[in-house]
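What TrEMBL lists as transmembrane segment is 12-29, 41-60, 72-91, 103-121, 133-154, 175-197, 234-255, 261-279, 291-312.
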Amino acid sequence: MANIMEQLAFSLSLVAPIFFIISLGYIFKRLKWTNANFNDVASRLVFNVALPAMLFLSIATADHNFSQATEFLAFSVVMTVIFFVFCIASTKLAFKGNPDHGVLIQGSFRANTAIIGIAYVENAYGSQGLALAAIYVAVITVVYNIQAVICLSPRSAGSKLQSTKTIFINLAKNPLIIAIALGVVVSLLNITLPPVIVDTGNYLSRIALPLALLCTGGSLDFRMMREEKKPTWFAASNKLMVAPFAFTLIGYLYGFRGLELGILFFMNAAPVAAASYAMTQAAGANTTLSANIIGLTTLFSSVTVCVGSLVLKVLGLI
């Protein structure tokens, strides 16, 4: 019994800080201490400066053999593609003739790995888990964006080609991917960073996740969740129940344990990424449904992580 309580305390320690900071972000907005402009500016600061600094340092200063992560990353890519195919099939089966197939599909697979997924991993494993998690984020972000083009773009080949070109141009300029790539180069070349760079990066790193989570809470609008409940719950169930269960179970059967299995679970138990809203808007699709899915998965992701991590911890798998 004492052991179960210890594992429960561990699970709560993973999700409680994240849940409370997101809640504070929502409360601050309701109190008008923050507003939409603050969220926009702070989100740009996180995306362009603080989060890249954190991911770069986590890789550049880590004692990790990235060549050994190749199999794990390849497995993650294959599983992401397989789950994408499942989302297409299940969505078309459940909502025949629905014009919002693309929004539902993206809301079923696209996780907020760069912010909330990273936060879960850091809470569970500390800084030693961030290096591999950062590489996972870089690789899977590319896959997510390609899949988003497939499910959201118009059916014409020309439109898909143009969308694909735009996506790859944006990926090449993505500060997170650039920072991760530079971190890998520094690590592989065994370059020792000057203390002033490390210290400056550490200062920036400390504001990355708290500020990002506050912005996540500040962007939530639960009033919109009164509409289109059935499709919203369908996508949320795929994202918070099917995805973490499938990735973790198949990862376990494949042979992953510890950090690798934990990353598979935490990343896929993260809520839908806010980037999905921007891509839905750019595609001229149903933004209300997209916002609903983001809000609902953000609300219940903590439950998935708490229950799932408790089971995995009791079984000694993470």
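For all residues, glycine too, the Cβ spot is worked out from N, Cα and C.
Simply put, out of 103-121, 133-154, 175-197, 261-279, 291-312, 175-197 has the most Cβ pairs sitting under 8 Å from the transmembrane segment (41-60). Within the chain carrying the transmembrane segment (133-154), a Cβ under 8 angstroms from the stretch's Cβ atoms is held by residues 55, 58-59, 66, 69, 72-73, 76-77, 80-81, 84, 88, 101-103, 105-106, 109-111, 113-114, 117-118, 121-122, 160, 163-164, 167, 170-171, 174, 176-177, 180-181, 183-184, 263, 267, 273, 276, 279-280, 283, 285, all 6 or more beyond its ends.
Comparing 72-91, 234-255, 261-279, 291-312 for CB pairs under 8 angstroms to the transmembrane segment (12-29), the maximum falls on 291-312. Proximity of distant same-chain residues to the transmembrane segment (291-312), defined by a Cβ-Cβ separation under 8 Å and at least 6 residues beyond the stretch ends, is recorded for 7-8, 10-12, 14-16, 18-19, 22, 103-104, 107, 112, 116, 120, 124, 216, 220-222, 224-225, 227-228, 232-233, 235-236, 239-241, 244-245, 248, 261-262, 265-266, 269-274, 276-277, 318. When Cβ-Cβ distances under 8 Å to the transmembrane segment (72-91) are tallied for each of 175-197, 234-255, 261-279, the top count falls to 234-255. Nonlocal intrachain contacts for the transmembrane segment (261-279), taken as residues 6+ away from its ends with a CB within less than 8 angstroms of a stretch CB, comprise 76, 79, 106-107, 110-114, 116-117, 120-121, 124-125, 129, 132-133, 136-137, 140, 144, 148, 152, 216, 219, 235, 239-240, 243-244, 247-248, 251-252, 287, 290-291, 293-294, 297-298, 300-301, 304-305, 308-309, 312, 317-318. Sequence-distant contacts of the transmembrane segment (234-255), counting only residues of its own chain at least 6 positions beyond either end whose CB sits under 8 Å from a CB of the stretch, comprise 75, 79, 83, 86-87, 90-91, 94-95, 103-104, 107-109, 111, 261, 264-265, 267-269, 271-272, 293, 296-297, 300-301, 303-304, 308, 312, 317.
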